[in-house]
């Protein structure tokens, strides 16, 4: 059978009396032209009303449903759209609203946005809720907060509302709901929770609310409901069998048919208890974990559970290899029957750009390699049609076109840069290590940099103003010359330098006005990348990014940042910090190659950055920050896979930074990460200074550093830059006081949580003035 399938002849596939269905688990919520971002930010600015925002959202939802259905997909998702974050939507719907947001006189919509981004206006001053990365992606979710007093109730039924909204547009959808167990496990205990409280203990209180939600869906006419329980791919889910059993025993009695949905990794032994649950369907990710198909099929074969196969990737932009996908699909059909198989995306397509149709600058060869969200919807429909035995001419043509496209890409992949490959293979162990241990370097750097106690710095970027974006756009359109653009950038850099000098920042940055994005900027100057015009992907809230695409071996043809860092240093006698994005983060925040290992790509990037680091030091830069905010994000979801990843990820950072002298102070930045489990690897990075997100997580990370006895210098963020609110000077002093109860004063740097690119100048100035005041207070009180 396998050989017949690989020939990709429709006539070679056995005829099916039952059609194989197709499914998309979720679709990008941003709009083809970023309509949602524009509408949300206009609402925040007071330029449009809540009704206008609702109308803009409705248009995007309708377009998504219509376009996915037009591709021939059977199960079109609804309910997964969000103005900010789907987990935040769930918290708002289930009344999981922390007390600090209650009683402020705000509308429900403004309470929702205050939870996501904070609010400081009209007498209201509340910080944003904590954010974390959504599993191993670059998407951030707003962490729910629970306590014994959490009062669950259904404030609104978003799943029913959007199901009916789609019905009114003539489309029957399959609603999507975040599952109860994952909702609780992904949350955290609030500050007012009793000691030892665990959110999962609230499951018996939560289930009746889910029963109401799902029963209402059934009454509304939904035949199926997609219930996402992504924590089932984590090791910790092995201890939650009884919770899943009790929850789904109750829900299955009142709900539409339940498709229990997992993604991003393999189920392993968890499938044994999943197979016992009273569910109608199970979705598994065969893009990330194709090896799990046999064990899952064996576990559910004695049941009536329908198996949804995630064969079209929801995480990358490469065309699906139909041969491979059809082989997996036919294997499941042979074991279960066509009536028990659905062909689907591996996860929501949230993590991919909307459509390839708007890309006009990629070459024909490059465009033929890729598939974005809308194209992927067509892929699942085509694969399902092939497996159903369709003789439609359009299906046959799509099959042949895919076969030709994959063959061309495979031919391209055989090309490699011999110089890059040889250089990497020649790397020695010594190249991964600094010349002296940290204790020696610290003394040398102290004399060279002459920084005060509690030195102040920022994470790198300063506000990307409208004027900066306009200048960049004019350059791209040819409306100004390169010389005119560079003169503009010089003035922006000088503005940032003079401001830092004026308020008393100790270790300066140049502000990065020349950079469009912390990954794209480097990718554009490296060999091996291609870029999109409209390949936007949501990172959090209204923050979207355009990930570069790695298509071949990576190298650095010329210095990338030396010119601007050197210019900035020429303006001041204070030390200037060079700013680079680390190899693991560039890899994780790009769409990587699928034909070679991530380790190979990361180390090629490391060698390119190593050259840049060395050149920066030669140019007179005394401190260099190599950011790795994504190093924790890239950690595999299964613990058994951690060691191999951490070995090459840490080695990549060290390879990039170890080529300098002892007097060069290396910095690195990490954000929204749980370090507890990987702390030895953080220590092994051997950065002279690390800065971490701390303000949104209530500084709980610092206890980890105390527990492990971290000996290098550290800058826990003293305020949250993802919110527009300005922290008071006393707030910063209180945070520093709390930090100094945990960390030695000799190791502490004072800095924000993250870069300031997304903030306005007014709030940036006020916040940094308060930061400097906090550092002065610390020097006076901790001499």
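Including glycine, each Cβ sits where the backbone N, Cα and C put it.
Bear in mind that TrEMBL entries carry predicted annotations, made automatically and left uncurated.
Annotation source TrEMBL lists domain 'Cobalamin-independent methionine synthase MetE N-terminal' at 22-329. The 5-methyltetrahydropteroyltri-L-glutamate binding site feature in TrEMBL is assigned to 37, 138, 589. Positions annotated as domain 'Cobalamin-independent methionine synthase MetE C-terminal/archaeal' by TrEMBL: 454-776. The L-methionine binding site annotation in TrEMBL covers 459, 460, 461, 512, 627. TrEMBL lists 459, 460, 461, 627 with the feature L-homocysteine binding site. Annotated Zn(2+) binding site per TrEMBL: 669, 671, 693, 754, in sequence order. As annotated by TrEMBL, active site, proton donor applies to 722.
Comparing Cα positions, residue 627 (L-methionine binding site) lies closest to 669 out of the binding-site residues 37, 589, 669, 671, 754. For residue 589 (5-methyltetrahydropteroyltri-L-glutamate binding site), the same-chain residues 6+ apart in sequence whose C-beta sits under 8 angstroms from its C-beta are 138, 518, 519, 545, 547, 630. For the domain 'Cobalamin-independent methionine synthase MetE N-terminal' (22-329), the model gives a mean pLDDT of 97. Compute the center of the Cβ atoms of 459, 460, 461, 627, which mark the site for L-homocysteine; besides them, the chain residues with Cβ within 8 Å of that center are 458, 509, 512, 518, 579, 625, 669, 754, 755, 757. Taking Cβ-Cβ distances under 8 Å and a sequence gap of 6 or more within the same chain, the neighbours of residue 459 (L-methionine binding site) are 509, 625, 627, 669, 691, 717, 721, 751, 752, 753, 754, 755, 756. Here residue 461 (L-methionine binding site) is positioned 15 angstrom away from residue 693 (Zn(2+) binding site), judged by their C-alpha atoms. On its own chain, residue 461 (L-methionine binding site) has 509, 511, 512, 515, 518, 579, 755, 756, 757 as residues at least 6 apart in sequence with a Cβ closer than 8 Å to its own Cβ. Its Cβ placed at the centre, residue 722 (active site, proton donor) has 23 other Cβ atoms within 10 Å. The binding-site residues near the residue listed as 'active site, proton donor', taking a 10 angstroms Cα-Cα threshold over the set 37, 460, 671, amount to none. If you measure from the Cα atom of residue 460 (L-methionine binding site) to that of residue 671 (Zn(2+) binding site), you get 13 Å.
Sequence-distant contacts of residue 671 (Zn(2+) binding site), defined by Cβ-Cβ distance under 8 angstroms and a gap of at least six in the same chain, are 629, 692, 693, 753, 754. Taking a C-beta cut-off of under 8 Å and a sequence gap of six or more, residue 37 (5-methyltetrahydropteroyltri-L-glutamate binding site) has these contacts in its own chain: 30, 31, 542, 544.
There are 27 other CB atoms within 10 A of the CB of residue 754 (Zn(2+) binding site), with all protein chains counted. Other C-beta atoms found within 10 angstroms of the C-beta of residue 138 (5-methyltetrahydropteroyltri-L-glutamate binding site) number 22, with every protein chain shown included. Around the Cβ of residue 627 (L-methionine binding site), a 10 Å sphere holds 25 further Cβ atoms from the protein chains shown.
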